[in-house]
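Residues annotated as FAD binding site in Swiss-Prot, with sequence analysis given as evidence: Gly14, Ala15, Gly16, His17, Ala18, Gly19, Val126, Ser181, Gln370. The NAD(+) binding site annotation in Swiss-Prot covers 273-287.
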Amino acid sequence: MSYQGGEFDVIVVGAGHAGVEAGLAAARMGANTLMLTLNLDAVAFMPCNPSVGGPAKGIVVREIDALGGEMARNIDKTHIQMRMLNTGKGPAVRALRAQADKFLYQHEMKKTIEEEENLLLRQGMVERLIIEDGECRGVITNTGAEYRAKAVVVTTGTYLRGKIIIGDLAYESGPNNMQPSINLSYHLQELGFEMVRFKTGTPPRVNGETIDYDKTEIQPGDEVPRAFSYETTKYITDQLPCWLTYTGDKTHQIINDNLGRSPMYSGMIEGTGPRYCPSIEDKIVRFNDKPRHQIFLEPEGRHTSEVYVQGLSTSLPEDVQLDVLKSIPGLEKARMMRPGYAIEYDAIVPTQLWPTLETKKVPGLFTAGQINGTSGYEEAAGQGIMAGINAALRVQGKDGLILDRSEAYIGVLIDDLVTKGTNEPYRLLTSRAEYRLLLRHDNADLRLTEKGYEIGLIARERYERFCEKKAQIAAEKKRLESITVKPSKEVNALLEEVGSAPLKEAVQANVFLKRPEVTYEHVAKVIPAPEQELSADVAEQVEIQIKYEGYISKMLQQVERAKKMNDKKIPEDLDYDAINGLATEAKQKLSEVRPLSVGQASRVSGVNPSDISILLVYLEQGRLAKLGKKTV
């Protein structure tokens, strides 16, 4: 028996990392929002690694914060350790990574949601969508509750027809033995969505009290205070270490001897797994020439003995997992608390989405996170905030927000998904971004805070601080151009100390700073101080912008050329079959993806430069024909 559960502007289905960002974004933009989740105790749950950030992913977390999202602030309050990665490399690949207290992370995120004014959090299993006049108008739960809305965001993670597999044991389940969502997956197929079956996995957890840490290498956090959020002012200083150990010949022998019992090789697992996060049995087979593989031991929180055995993701039978653990230095006597497992789940083919993450088949329906074929909390959260923003903008009758590939890693992620699709769980990598020098950890606010303010996610007070920071950067760059550094004894002594060639003639301070060995801190020692003391963030930004000015300038020229192609819009209803000369494959792929611009069309798999030339001629002929009609 059904009943009317209420009317909302936006409904978010799921409260994982995509769902919480979607719900908070929509609510903070003024939309009356309902968030439905299978289990109130699993809000922002971390079923796999207890960490946030890393290469590319850490920059996404910064971007979420710059737009006005929550992940960065939450991990800053709940981490047990932070490290800046790739500090010996250029700024384009530097990224922050935090070990989370996964239980505190959940608690704090749930508290934030419960306290949000326009957001109602409720437990319930959504089984069907309400479709009226071809549009999504709400959801129906298994208890018969009908909730109506102007937009719905589905963020179901790995719960859609979830199946856990350990050895020859397989059963319907969401992650960590939670209830799966079965009927919603079938309903999406009924609506005509093309689905795929993906797989991911997780390693065993062991009791930290039973680890022999003397046989491992300690991995401490950075002593320098770190934070993801631009708003964080209080830093956690009592960090917990992680530890490093390795597999060995014995480990590899045990796994090789039991490959016949592995679901990966017995045919039990049908779903495609993540290329960049392989199981330990996959690593042993694919990289059989490697004598050992890294294993990181990561505490799951401050008030638990559970330790995550990172690098040992597996679906081998439980008895084999125990033998594998005993073969690893430091884990000989470790007690397993939870076995590793593989989980299969359904996802939609993401080329069925517009770049706003609204589905093409059903207007008013948005999807975000692992349902779109991605892996990782950060990728999910990045999609979540964009889906929430665009759902709220739809309710407001406004155009959606689409981030360009040159503006954000989130833009790269979404463009890759909706334009190219994915045949495996998609992981964001720095190599996927052609403009990665522009998409740095340090400048996410300069790229996106303006947009966050315009849509109503950034408060005026924060925006004013941001504007002041921009002004300070510009003023200091200009000041350095006006100051001359002369080849004095003091200057050349400094240069000798840092291993740089002596200065032979006077140069501008900004030119002096361009020397590879010279930092802003060095420059500050040999020139007058600015009227106002600069923050470390401003000084870092000044240094990077000056040092990489030439490279950045070249990349901006590339962006401008690409923009010309992106500015050439394509009608949504364009009949590609009517374009003479277009290759058959191009017609099929373009009809499926329905790119919104020539730039996007050029990135569709199977579309060649010759196809783009023909498309450009066709669009130009259409434009001229329209002009001719207007002048008649």
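Numbering starts at 1 and runs along the chain as it is shown here.
Backbone N, Cα and C define each Cβ position, glycine as well.
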Other CB atoms, at most 10 A from the CB of Ser279 (NAD(+) binding site)
27
Residues that sit under 8 angstroms from Arg275 (NAD(+) binding site) by C-beta distance, when 6+ apart in the chain:
Glu424, Pro425, Arg427
What residues, ordered by sequence, lie under 8 A Cβ-to-Cβ from Gln370 (FAD binding site) and sit at least six positions away in the same chain?
Ala18, Thr156, Gly157, Thr158, Phe198, Tyr345, Ala347, Ala380, Pro425
Rounded Cα separation (Å) that holds between Glu281 (NAD(+) binding site) and Gly16 (FAD binding site)
29
Give me the count of other Cβ atoms within 10 A of the Cβ belonging to Gly14 (FAD binding site).
33
In all the protein chains shown, the tally of other Cβ atoms within 10 Å of the Cβ of Ala18 (FAD binding site) is 34
Rounding to whole Å, the Cα atoms of Val126 (FAD binding site) and Phe287 (NAD(+) binding site) are apart by 43
Which whole-number value in Å describes the distance between the Cα atoms of Lys283 (NAD(+) binding site) and Gly16 (FAD binding site)?
29
Distance between Val285 (NAD(+) binding site) and Gly16 (FAD binding site) at the Cα atoms, whole Å?
33
Any idea which of the binding-site residues Gly16, Gly273 has the thinnest Cβ neighbourhood at 10 Å?
Gly273
At the Cα level, what's the spacing in Å between Phe287 (NAD(+) binding site) and Gly16 (FAD binding site), rounded?
34
Indicate whether Glu281 (NAD(+) binding site) is helix, strand or coil by DSSP.
helix
Just name the winner among Val126, Cys277, Val285 (the binding-site residues) by count of other CB atoms within 10 A of its CB.
Val126
How many other Cβ atoms are found within 10 Å of the Cβ atom of Lys283 (NAD(+) binding site), counting all protein chains shown?
19
Determine the most Cβ-crowded residue among the binding-site residues Glu281, Phe287, using a 10 Å radius around each Cβ and all protein chains in the structure.
Glu281
